[in-house]
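Taken from Swiss-Prot as is:
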| type | residues | note |
| --- | --- | --- |
| COILED | 601-784 | coiled coil |
| COILED | 900-1097 | coiled coil |
| COMPBIAS | 1-13 | compositional bias 'Polar residues' |
| COMPBIAS | 95-120 | compositional bias 'Polar residues' |
| COMPBIAS | 321-343 | compositional bias 'Polar residues' |
| COMPBIAS | 351-361 | compositional bias 'Polar residues' |
| COMPBIAS | 751-766 | compositional bias 'Basic and acidic residues' |
| COMPBIAS | 828-847 | compositional bias 'Polar residues' |
| COMPBIAS | 869-886 | compositional bias 'Basic and acidic residues' |
| COMPBIAS | 904-939 | compositional bias 'Basic and acidic residues' |
| COMPBIAS | 972-1065 | compositional bias 'Basic and acidic residues' |
| COMPBIAS | 1077-1086 | compositional bias 'Basic and acidic residues' |
| COMPBIAS | 1106-1125 | compositional bias 'Polar residues' |
| COMPBIAS | 1164-1174 | compositional bias 'Basic and acidic residues' |
| COMPBIAS | 1223-1242 | compositional bias 'Polar residues' |
| DOMAIN | 173-261 | domain 'EH 1' |
| DOMAIN | 205-240 | domain 'EF-hand 1' |
| DOMAIN | 453-542 | domain 'EH 2' |
| DOMAIN | 486-521 | domain 'EF-hand 2' |
| DOMAIN | 1449-1466 | domain 'WH2' |
| REGION | 1-134 | region 'Disordered' |
| REGION | 271-386 | region 'Disordered' |
| REGION | 722-766 | region 'Disordered' |
| REGION | 816-1065 | region 'Disordered' |
| REGION | 1077-1445 | region 'Disordered' |
| REGION | 1458-1481 | region 'Disordered' |
Amino acid sequence: MYSNTFYGGSSSRPGPTGFGQQQPPPPPPPPPPQQQQQQQQPQQQPFPGFSQPQQQNLQPGAFMPQATGFAGSNPMQQMQMPMQQPQPTGFPPSHQFTGFPLQNQQPPSAVTAVTQQQLSAPLPNPPHETGMTSTQIAHSFAQPATPAVPAQQHASSGSKIPNMRLSFITAQDQAKFEQLFKSAVGNNQALDGETAKDLLMRSKLPGSDLSNIWVLSDTTKSGRLLFPEFALAMYLCNLKLTGKELPSVLPERIANEVSSMVDIISFAVPDARPAPPQTNVPKFDAPLMQNASAPPAPQQPQPQQPSNTQLLSQLTSQPTGFYNQATGLQPPSIVQPQQTGFPAQNAGLRPQQTGFLSNTQPTGYNGPRPPMPPMPTGYGSGLSPSQTGLAPLNAQPTGVPGQWGFVNAPATGLPNIEALQQRLMPQPGREGGFTTQGLSGNATIPWAVTKDEKKIYDQLFRAWDGFNKGFIGGDVAIEIMGQSGLERQDLERIWTLSDPNNRGRLNMDEFAVAMHLIYRKLNGYPVPNRLPPELIPPSTRNFNDSIGTVKSLLSQDAESRKSSGAFLQPQQTGVSYLKNHSFRSGSSTPGAGRKDATVFKNNDDAIGDRREAESLMERIRRVQDDIDTDPKAAFRITDSGAERRSLRRQLQSYQDQLPELASNVRKVERSIADARLELFRLKDAKAHPSAAAAIVGTGPGGTVTESDRIKARARARMQARAAELAGRPPPSTDDDGAAARRLEEETASVKAERERNDAMTRDVEESVKEFTRSLEDSLKDVDENSTREHERRRWEEALGVEDTIRDFIYDLQRASRTARVRKDERTASSQRSVSNNRYDNVSSNGDTLPVRPSQPQSTGSPSLAGLTHQERVTSAKERAQKRIAERMAAAGLKPNSDGSGETLLERQEREKREREERRKRAEEEDAKREQERQRRIAEEQNGPPVKAATTGKKPPPPPSRKGKADGVSPAETRKLGDLKNAAREKAEHEGKERALREEQLAQEAESRRLEAEARQQEEELAREREAAQARLRALEEQVRQGKIKKQEEKRRKQLAEKEAKEKEARLAIQRAELEAAQARERELQRQLEGLDEEESSDDEGPVEVTPQNSTPTQSAVLPSATTTMASPPSVPRPATPPAAPFEPELAFEVASATSTSIPSPESVKQRVAADTESRNPYFRKMGQSVDTQPPSFHTPPEQIPDPLSTTEVAPPPASAPAPPKTEIQSTNPFHRLAQQQESQKSAFAAAPLPGPLTRKSRARPEDDEWSIAESENSSDDDDDRPAGGSAKHLASILFGTMGPPRPLSAMDEKPESKSATPVQESPTVAASPPPPPPPPPPPSEPAPVTTLPPAVAAQDVEEDDDDDDENDFQDAPSMPPPPPPPPVPAPFADAPPTAPPPPPPPAFSAAAPPPPPPPPPVGGAPGGPPPPPPPAGDAPAIPKAAVPDAGAGRGALLASIQAGKGLRKVETKDRSAASVSGRVL
């Protein structure tokens, strides 16, 4: 049916399916007769030729009214058949139908009704619809409106508008236009001119504007509008109505969108062929929609029979009947000849004859003559009445499987075949991006290739095969098949099926097979796994059959020859297999009596012939040797056909890769262009954020449509209005069209650059193709025919010769190969030796080594007198390279030039000259060396120089250099009789060569040895340099380290000197303090003498002192309370020098000062001097301060009561806050001593030391919040404080970098020791210490008191001022007993475990101690009350003999303490005593 025609276009398939579907008689007009003949001839598969008379089924009734309107409306038909003009008026339609018995299936009334419909039906022919072209329609707008003539459209497939957005109108407007367009066109695809005019005239625009709008809208110039054109017209009307000017030319973007949508609609309509003749195709879909007002024209009624057989029988009979009845009214006898054309179809023709009775035909054919003119003109050219029925049957005998290329088109036609042809035709600028849209369908496609398909495919093939090569290469086929839009996998399978021989190219039949498979795939058929018989091309089938026939013939011939023995006969190829003429076998073979003309004309058995043959073979060997030894033998052309064929195959493989490379380049160019556009969009959006944010594209692919711009403008206006109302500045917005303009400019530039690159790529492709063609021409065997090739291969490759000759040829080839290999090896070695010797001659010190003459023949160049094959190839290559360089230069590319502009001939000549010069120089050097050698030999032997000259002639190297190539001259080799001379000369030549080789080998060995020695020397020098550099670096490092060490030593020396000076100053102060302390001690002893003491208390005192005696004496560490207690001047027991456990910097100084026994201050002075002289304590403190920690600070709280027990006898105890000092166990500040020595040293140096007996020093403890009055009341409060004011001050100075020590928290554990009367507790604890020591020495030894540090003396002075002995005594236990000084020079030594070291004072724990307290012997003196336990532990207990009434004094003191007398808290600077106390050295 004709539903797939564009505008009612080509209806090339009015098949039976269409007739079966349309039972009522449709009335569209017929196409011209010639075209209809072409269209209908291939349509009917069973009887293709019978479709011709189809036009005249119902013409008598259908064209009755055409008599009046036919002359004016269809002048063409009027001219064709003027003789039938008067006939239309006389034929009633009823008679016409009665004349066709086969049509009696319908009632006459129905036929008549249909006929009336046909009479009133308008013509769908475009010329009859409007009668105007596109230009006429445009001009009609400017003329007054005329009543429109309704016309009928042809496209009956329904208006199908693609789902595509037009960017120049809004979506709402597009929907409205679609609705209006569909209502106007109905089921058609296009809006005719009159209807479009009516619609456009409603806009009330002037005619000139409407004319311009029509010109701009009708882009196809077809006189009708498709939907995109109609939408464009409405858009232009809207522009004019809004007061804008119409553009003179459509913008490119709008034109592209409209044209692309027009193309989509056109491709969507199958078989779109918008040609005017095709508009006459009848329309079967809506016969009732025709307008009766249209003038009638000759129409082609369709048959009403449901049977195709009846239809065909009518169709075949009527043409002949009309043809014979062309004159008009004919008697029935005229109708009889109709049967003559169809003798085999009498069954179908006989009923039709009744319709042509004499009564009906004269009346029935009076009127219908107007439809007849097309038939004689269309079929009268080459058809006879008999041919119309049977001739097509003979010409088209297919429809049978396997008959390839002669199958008629199917009944449903071949949809989209023309669209496929248009798509696949060569078109510029169609690189890719193809889809199957517009090509796919679901039609019924036969396996075999139809005639129409074959015709179209052949046209495609010829269009692509521009050079008429007869085949299409792989690159072109890829481009053609890729345009179909199919998947790559399907195309690969189709190619495999189409190219069964894997030749990489397709001939015409194979191309048709590929296109047919593509067409089937587009219509939904799968690609088969192998070709069916219907699709095997005739050329391939015939060729395969021919090959099979030849193979069978050869096999049969071989079998027959083998069975009959004829295979031994000489064949036509000239190859002889006869063995009776062989050199090695006799005449025992069956063909002994026959002669083989292809071998020799002579008899091989004859002695003369055999000797002659052997002589010839020997001559051939010698000639081959001459050829091999010739200097130019290396350039002998050894090109063979096999090599050329391999080169051609390689060239073909490279040529096949070219399309893929070009395609990849184009793809990369497209991707680069897209990437550049995308990058520009991003950059533009970043540079103009307002424009980017304002418009958001809603069109296809995110494009910005006109509606988007309108919305953006409205939104911008609203924002500006809102900003104005709010008083804000209006937002800055970019021009709406600026972004689009920038994008268009960038797109244009990118497109231009891409086009330039594409042109460059095409130029490169053309250059490569031209180069390929030149190489192919050079590789072709132009000057060799088959005979010469056969002869050459026969004697060079030993094909078709006897075994003896074949073995001889193989021997010659092996000898040639061996000689060539040897020559190549010698050439390479000689070139190396020449280069090495030349280097040695230049670099050696005068003694040159003999150089073996080079072989010029190894580097000779071929003569170019006659260009050989290789030279032709080289010349072609140079020409192609030159052309490529020129094209690249024209394209702006810089070719990679080697810098040498010389041609091949010039380069060869230059190389030849250089070789000659090198050879001459080498010969001259050889001659000089030989003369020098002969001269030295002559001088050594003292012989005449003539002898040297004679000896010099013996091995002349220069002649050997020339003679190497000419030693065995070709003339001598050609003389067969001079074999001995040739052999002798050859032996001499070989001897010379051996001598030269030996000499060269010796030279090479010597040169290698020299090179090895040179390399070894260089390596040794390099190693020595590296060693020297390493030594230099080591020395530099040593010097640097020595400088650093010297600086450190100098710094240490300066520090030691400074410390020594400071120590001397401190010692002087300490001596003054000791003197003051001694005076204080004497005064206290006098006080103690006056006191009444109980004996028990006197006894207890020494008991407590004894265990402390065992501990190493650290009298300097005893608190000041002990000094108050030691009022009797009794001499204490000799005790070990006290060690101050607290002050890290002053520890060793105090230790040195108090290292001697406490009794004698002189010894203390001597020891201090010895310490200062012997060593610098800071060096030892660095290494040992961390390790040596005084155990006194870690004494458990249980040991605290021990001093309390001794304090019963001692003077009043110190203030209550002292006990917490003794209780600090875990906070030993000496743990961090090593890290804080420097800071403590500076702090101690800055801290002021109290004077020995000044009141100022005694008043300082009270200033430090240790008042005497509140000793008892503030004992608990003192636990919370780290120490007295001076302790805090020192701690802040000495331990500023450290956190507050833990003793603050640990002091809470000793509240009982702070009690005002610790004497009662002390006896209980005193039981634990060891028994009392022996009686103290006489009181005449108060020396130990003098050993107390000045700080202790100051504290004693303070105690005297306060007169509160009990408080003083209580303070004694608070004093930390300094640990015994270790023998090591460390500032603190561990005390022996036997003596419980008294707890350290809180000042120790809290901060650095003040200056060292007075020595502990005062507290331990027996004359007075017993000193507190810490001093007893630090110093030896003073014997009771020291004080005459020591026991009584102690008892009185104890009684007063028991009576409740409060002990004054004496601010004994035990901390300073501990800090000053040093280790015993």
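Cβ atoms here come from the backbone N, Cα and C positions, even for glycine.
Broken down by DSSP into helix, strand and coil, the domain 'EH 2' (453-542) contains 55 helix, 4 strand, 31 coil.
Non-local neighbours of the compositional bias 'Basic and acidic residues' (751-766) in the same chain are 658, 662, 665-666, 669-670, 672-673, 884, 887, 890-891, 893; each lies 6+ residues outside the stretch with a CB under 8 Å from one of its CB atoms. Residues 405, 414, 417, 420, 424, 436, 445, 449, 453-454, 456-458, 460-461, 470-474, 477, 527-528, 530-531, 535, 537-540, 652, 656 of the same chain lie 6 or more positions beyond the ends of the domain 'EF-hand 2' (486-521) yet place their CB under 8 Å from a CB of it. Broken down with DSSP, the compositional bias 'Basic and acidic residues' (972-1065) shows 90 helix, 0 strand, 4 coil. Across the residues of the domain 'WH2' (1449-1466), the predicted structure has a mean pLDDT of 71.
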